[in-house]
Amino acid sequence: MTFNKIAFLVLAIFLLFLAIIYALMAGNYDINFTTIKNVFLNELFNIQTQEFKKMDKVIIYDIRFPRIIMAILVGFSLGIAGSIYQGCFKNPLVEPFILGASSGAAFGASLAIIFALKFISFWAFIFSIFAVFVSYFLAKDKENISIVSLILSGVIVGSIFSALVSILKYISDDAGLREITFWIMGGLYYSNLKDGLIFAAVIFIVFMIVLKFSYRLNLLALGDDEAKSLGIDLNKNKLFFILLATLVSSLSVANVGIIAWIGLMMPHATRLIVGADNRWVLPLSGLLGAIYLLFCDTIARTLTHTEIPVGIITSILGAPFLIYLLKTKKSRLLK
């Protein structure tokens, strides 16, 4: 069984590599593999090879490469965040945005756009974190956090922030309304390597911490009663994992807007393949999330002459997955 998991991990890494190469080549401006190799040898290692056009360098290294890096980081972070939420609450419908993170981020970004505040991503991040913690503390009682109360509190908080976003849209001018709309639909248009490196450092630290304590996540996934009998402090551990998952998912939505479904789909798909052990689910969910978002972003860039917001693509492809969950896991979802 371990061999199969390792084989799947190797396959996922290989598929990610292929997705990266294809994303570098695909677009309205066609580029071949040799040109890609020459550009990276020159830019990363200062190795002079065959000459290439300046436009090739700009498109490959300055435009597509930062976008690919951000797609991988966002997909990976949403994949592991979804795994953490589903592991904590033992339900495949729990994902980072169900607690109001996306609505909070949308409000923060809209506020920054309307009032011309600097650092839109910062305000989106702050309100995303705030929304999740409000949802958590509304659902928390002295002994436990039930999945029903958590989802209900997330719906309440999300609805409040959605209403506030609607108010901001109403009072906005045409330019502001357009910018808010495009931000909410999600996209990797403004990706850059500097933001990507900072994001990568945070994701790496969070991932290593979660992986180290993945045994606790496995115990939480057994159910509240069994976890208690094994000496696990439910509220303390759930808060610990929710904090880490919220950090990376909020950074994701702050950088690229709202991109749905990855945190729901990838952890569940991974568990169907490798089982419920979070030592494997966490990295594989992240890799599948990275592959999926990179694939969707490549479609968004190349399907038409004008770019489609990637959040639209992930939603269109993700909806059938929710139908599958409802049809095959209905009894578990309704607990």
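Backbone N, Cα and C define each Cβ position, glycine as well.
Since the structure is predicted, the reported quantities are computational estimates derived from the model, not experimental observations.
Annotated in TrEMBL:
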type     : residues : note
TRANSMEM : 6-25     : transmembrane segment
TRANSMEM : 65-85    : transmembrane segment
TRANSMEM : 97-117   : transmembrane segment
TRANSMEM : 122-139  : transmembrane segment
TRANSMEM : 145-168  : transmembrane segment
TRANSMEM : 197-215  : transmembrane segment
TRANSMEM : 239-264  : transmembrane segment
TRANSMEM : 308-326  : transmembrane segment
Of 6-25, 65-85, 145-168, 197-215, 308-326, whichever stretch has the most CB pairs under 8 A to the transmembrane segment (97-117):
145-168
Examine the transmembrane segment (197-215) against the transmembrane segment (65-85) and state whether at least 3 Cβ pairs sit under 8 A, considering only residue pairs 6 or more apart.
yes
Under an 8 Å Cβ to Cβ limit, what residues of the same chain, 6 or more beyond the ends of the transmembrane segment (6-25), are close to it?
31-33, 36, 60, 64-65, 67-68, 71-72, 273-274, 280, 283-284, 287-288, 290-291, 294-295, 297-298
